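Below is one structure, written out as structure tokens; the observations come after it.
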Amino acid sequence: RFIAKPCAINLGIQDSGPHRAQPNAILEKVFTSITKSPDGKRLEGLSKQLDWDVRKIQRWFRHRRNQDKPTTLTKFCESMWRFTFYLSIFFYGIRFLWTAPWFWDTRQCWYNYPFQPLTSRLYYYYILELAFYWSLMFSQFTDIKRKDFLIMFVHHLATIGLITFSYMNNMVRVGTLVLCLHDASDFLLEAAKLANYAKYQRLCDAFFMLFGVVFIVTRLGIYPFWILNTTLFESWELIGPYPSWWLFNGLLVTLQVLHVIWSYLIIRTASKALVRGKVSKDDRSDVESSSEEEDVTSNSTKGIFSTSSNGSNRLNGHVASGQWTGE
């Protein structure tokens, strides 16, 4: 309200919503009572009843679906909040872990376990992360419904489960490594969204490409060969198997499966961006264009990535003719 909104206004982002559908009692009744996306048979029936062209009715339903979606200004403010949090918590984690012995030698995570002291910095780091992911868990039900809703739901469950479980079992050392690793790329994604909303397309593409590189390196490289290696093998060697070992590593492996899925989407986005010269639409989101030009440019270039803030998330919206349409 006091920081993000003035920044958005200074960048020329208007607090204007999508094109509103013209009032029509019959179509409104169908939309609210029957279906928001009528099939071909129903469209033909409505066309005869209203004496409207089918394309005009399709356009009306598209505008009606989009008119309740948040404005670009709202999405910019939300992404700026997420960017601020991710950036702050990442640098807090790096500053804290830089002097921690287990950051350089993962075997230190298991020496003298479970009798390891819980320092105040460890405690606050954990509580902040847990509170944030709980907020994401609740907000995803009020944000725009996206195609990756189920994946994000599983991700939030796994993350909250891991944070809570590792805290209860005093596995906070390895937990801090997991948290910091995941925060390394998230603020870059939010930066790409901010550039997209401000219509800085080249900056947006640059941030997204950098995000893709960092994401793949950390989630497909460092995470399995550094984190999973110590939780699966070093812990077994140093403290032996224990009942909760299977649950703990099961959640960590679940995260790795999600990393592979998201990496596939990112690589597909990047390849299309390289071929077509820019990043465009995200397959994960259901956001539709409310522009009537979409009917004319339906064969325009369409890519994969955009910025819905689940955000979003997050990967947190979506274009014709080359620019991202926000979430």
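Glycine is treated like the rest: Cβ placed from N, Cα and C.
Going by TrEMBL, these are the annotated features:
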type: DNA_BIND; residues: 29-72; note: DNA-binding region
type: DOMAIN; residues: 74-275; note: domain 'TLC'
type: TRANSMEM; residues: 83-103; note: transmembrane segment
type: TRANSMEM; residues: 123-142; note: transmembrane segment
type: TRANSMEM; residues: 207-226; note: transmembrane segment
type: TRANSMEM; residues: 246-267; note: transmembrane segment
type: REGION; residues: 283-327; note: region 'Disordered'
type: COMPBIAS; residues: 301-315; note: compositional bias 'Polar residues'
Within-chain partners of the transmembrane segment (83-103) [C-beta distance under 8 Å, separation at least 6 from its ends]: 109, 121-122, 125, 128-129, 132, 173-174, 176-177, 179-180, 183-184, 186-187, 190-191, 193-194
Long-range Cβ neighbours of the transmembrane segment (123-142) (under 8 Å; 6 or more residues past either end): 85, 89, 92-93, 96, 149, 152-153, 156-157, 159-160, 163-164, 167, 172, 175-176, 179, 310-313
Tertiary contacts of the transmembrane segment (207-226) (same chain, 6+ residues out, Cβ under 8 Å): 106, 177-178, 181-182, 184-185, 188-189, 191-192, 195, 255-256, 259-260, 262-263, 266-267, 269-270, 273, 279, 305
DSSP-derived helix, strand and coil totals, residue by residue, for the DNA-binding region (29-72): 30 helix, 0 strand, 14 coil
Taken over the DNA-binding region (29-72), the model's mean pLDDT: 80
